[in-house]
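Asker: Checked TrEMBL, it gives:
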DOMAIN    32-371  domain 'Orn/DAP/Arg decarboxylase 2 C-terminal'
DOMAIN    39-283  domain 'Orn/DAP/Arg decarboxylase 2 N-terminal'
MOD_RES   63  N6-(pyridoxal phosphate)lysine
BINDING   242, 276, 277, 278, 279, 373  pyridoxal 5'-phosphate binding site
BINDING   279, 315, 319, 346, 373  substrate binding site
ACT_SITE  345  active site, proton donor
Ligand SMILES: *Cc1c(COP(=O)(O)O)cnc(C)c1O
């Protein structure tokens with residue numbers, strides 16, 4: 001059995017920190033997301049301690065898990081934040097995060113988003129196109145502000161990950177072609193309301209190999225040196241996020257070994273290192289709990305029909321992601337190989353396929369490594385209220401998001417006015 005950071009097994013019972021998952025499922029019902037405060041903290045501290053000898057800013061990628069209690073945990077450790085919308089920026093503020101440590105990524109920032117971020121004085125805009133640069137310059141001008149800018153370049157490196165989460169190839173929509181970047185920097189340097197401060201890239205997600213990170217950084221450094229020759233001195237180099245985690249039998253580098261591979265390239269340089277890790281901070285710090293409603297067999301296949309669906313956790317349906325699933329068994333069950341499927345009316349609605357499990361109706365199941373790209377990607381499809389989120393701290397259970405109610409589901413909708421004939 002694979003042991004995940006936050007989860008341990010004692011006498012057939014699964015625990016998160018010192019709290020039994022069955023207790024949480026019993027108290028709060030299922031489906032339910034559960035996070036470990038200690039695991040989130042430890043994952044962040046692993047980056048921080050690997051970087052004691054280098055000036056750095058670790059900007060947690062909010063989109064991986066944006067619950068404000070998660071952001072609060074990280075803000076208290078001194079984290080910065082990588083955001084992709086104003087909604088995420090408002091979450092950071094609510095959680096006590098420092099806007100001066102926020103970098104703003106994303107290909108489609110609007111003028112009103114730019115305005116709000118300028119007003120709060122964020123660390124930097126990661127600009128993804130020339131058109132965006134122009135809008136940012138004119139927006140800053142009308143606010144009487146100057147925007148700190150990093151250009152997100154596309155280093156054309158193959159991250160060798162799933163095509164949907166690979167972002168650093170020429171064919172992807174992200175960033176500015178690294179071969180054209182020097183020209184764009186020269187334009188930016190002449191804009192009255194733009195202050196060029198850095199360069200960034202983000203080549204993909206769930207990378208299990210260090211080599212693509214090193215290639216990307218080498219290309220970035222060549223650009224930084226070229227720019228210095230043109231009189232454009234950068235203050236920081238942001239190499240994005242993307243470090244993978246273990247879902248199955250992957251062996252991704254630890255933050256420590258990742259940093260020791262790239263730090264030699266940066267040691268004699270004055271630029272601050274900025275990182276944007278998301279998944280590697282929260283994925284293995286969380287699980288999703290669900291309950292078996294029915295067992296069903298069609299002769300060829302056994303199905304465990306559970307109360308969580310693709311609207312609660314879309315990764316298996318969207319990316320064919322493999323996620324470990326373990327039973328929190330009541331003991332009186334028989335072993336079989338199951339497809340674990342949900343209530344949503346789509347054939348793509350599954351959490352796991354062909355898994356040996358000892359279960360019976362009523363048992364709880366624990367979907368592992370669900371702390372990143374889990375709740376944040378959930379929806380109300382099939383009019384299903386979204387699950388609650390819980391943060392465990394030792395033996396303390398904190399409900400950090402309530403289960404949605406039917407009232408929540410309908411709020412904001414209205415009927416057409418009555419027709420008067
Ligand atoms: C998604 C994203 C991240 C975080 O990626 P992880 O794989 O979760 O570490 C960082 N930076 C940018 C620009 C992103 O889009």
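Backbone N, Cα and C define each Cβ position, glycine as well.
Annotations in TrEMBL come from automatic prediction, not curation.
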Asker: My understanding is the cutoff is Cβ-Cβ under 8 Å with a sequence separation of 6 or more in the same chain; which residues meet that for residue 373 (pyridoxal 5'-phosphate binding site)?
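Answerer: For residue 373 (pyridoxal 5'-phosphate binding site), the qualifying residues are 64, 65, 279, 283, 315.
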Asker: Rounded to a whole number, how many Å is the Cα of residue 345 (active site, proton donor) away from the Cα of residue 63 (N6-(pyridoxal phosphate)lysine)?
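Answerer: That separation, Cα to Cα, works out to 27 Å.
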Asker: Give me the long-range Cβ neighbours of residue 277 (pyridoxal 5'-phosphate binding site): same chain, 6+ apart, Cβ under 8 Å, in sequence order.
Answerer: 47, 58, 60, 61, 241, 242, 243, 255
Asker: Between the Cα atoms of residue 278 (pyridoxal 5'-phosphate binding site) and the residue listed as 'N6-(pyridoxal phosphate)lysine', what distance do you get, rounded to the nearest Å?
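Answerer: The separation of the Cα atoms works out to 7 Å.
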Asker: Residues near the pyridoxal 5'-phosphate site, 242, 276, 277, 278, 279, 373 excluded, by Cβ within 8 Å of the Cβ center?
Answerer: 61, 64, 205, 241, 243, 280, 281, 372
Asker: State the count of C-beta atoms found within 10 angstroms of the C-beta of residue 279 (pyridoxal 5'-phosphate binding site), not counting that atom itself.
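Answerer: Other Cβ atoms found within 10 Å: 26.
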Asker: Counting other Cβ atoms within 10 Å of each residue's Cβ, which of the binding-site residues 242, 278 comes out lowest?
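Answerer: Counting other Cβ atoms within 10 Å of each of the binding-site residues 242, 278 gives the minimum at 278.
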